[in-house]
């Protein structure tokens, strides 16, 4: 028989789409559907190792940015440039920190996490070697951009790894452990940078990063398995041979020698050049755009504080590079505590609301969230964190304005780490909830919005301090951060509707693609 007319195919597609919508509406009245099989075949100990390695990888991007702070004054002097030009290397770092994951995130969701990590760390290690050897500002500027491009995607990849191995009911705790690495960097980095810069010179900072990243790659190449669900499914299917860890390769070879048949691999996705427009499409969604904007504003406020500490603390308290680095420890301590506790709070609130609504709870089983208020379960935890964190920045500014003893601003830094980290972690988790099969891409969208806004904030903070003074400048930053609360309330009330509209639209698009004349041929 001949191919049916295009008009008939469109009619069939339209009918099927309407049927899918009706089915979804009726299914929404019956709580979440729980899968019959385990979400991941990895054991708890294996998942903990995987998440630990993802957290370690996520440590490199922020530590590479912050380890640099105590040496800013020394670099400006040695390279014979102004502090403003040195600060531009911070801005350019954040711009590339936002743009790079747009390309690698899409690649990682399709080709796998391991090849994406390997590409990123190859670029990162090469950039650090160049930074340790360079002697002029132009080389510093370009290589810092390359360093950022190599390290920044690790955070997006870490979120993707969590989505590969953890269900929504367990995701809060796992995201807490993963973000612990990325949020420990801003506190540990300046301490390490201060020590190295003070006693060995600023070049030692970059040699340290070369050695530390090499130490990460050895256990990664030997033990870390491929986790991308598009490549290995629930972890039971083998990846391509070139994508196996050394341990997995040796086990597979031994099994072949013993005549044991390997499980069938899932259909491989066709690789193509990463499309950054797909990441921008995530930014354009109603609920996602609001969440990303709120997170970016909080991140910009945090970066305003971090970027001004070296110059202000040197001016007010006469601190050297090492002492300035030590002042970041309270923030790191607060961030470390928050990363663990906030993850537990997120999981607790998920279970609490699930029990209230009679929603099924099952460990290591995928649950359909279409009729569950995941926005409420996550963002309720963010409000107290956001409020206290914003007010702590206000207090920080006035302590500096009145030249209060150093103990006051450093104590406030601990409070900032405790609260702002909780807010960051919550928003990272809800993005994975929104896009569980595109977690790396969704986190890349988060990176681009928050890093571009953070870059603008660090470029503006010095002129703002000069024009407004420390107290009023940080008061303004605090009020802008507090203004995000009503936007998050809007997501709680409107988010489920927007999420369902997006799901139906994606199903309709998929159905039309499957029934189009091209697919028939």
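Each residue, glycine too, has its Cβ placed from N, Cα and C.
Any TrEMBL annotation is an automated prediction that lacks curation.
Owing to the predicted nature of the structure, the values given are computational and were not obtained by experimental measurement.
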Quick one: sort out which of 136-154, 155-173, 174-192, 231-249 is the transmembrane segment according to TrEMBL.
174-192
Pick from 290-310, 353-373, 500-520: which range has transmembrane segment per TrEMBL?
290-310
Answer key: the stretch among 81-104, 204-224, 290-310, 412-435 with most Cβ pairs under 8 A to the transmembrane segment (174-192) is 412-435
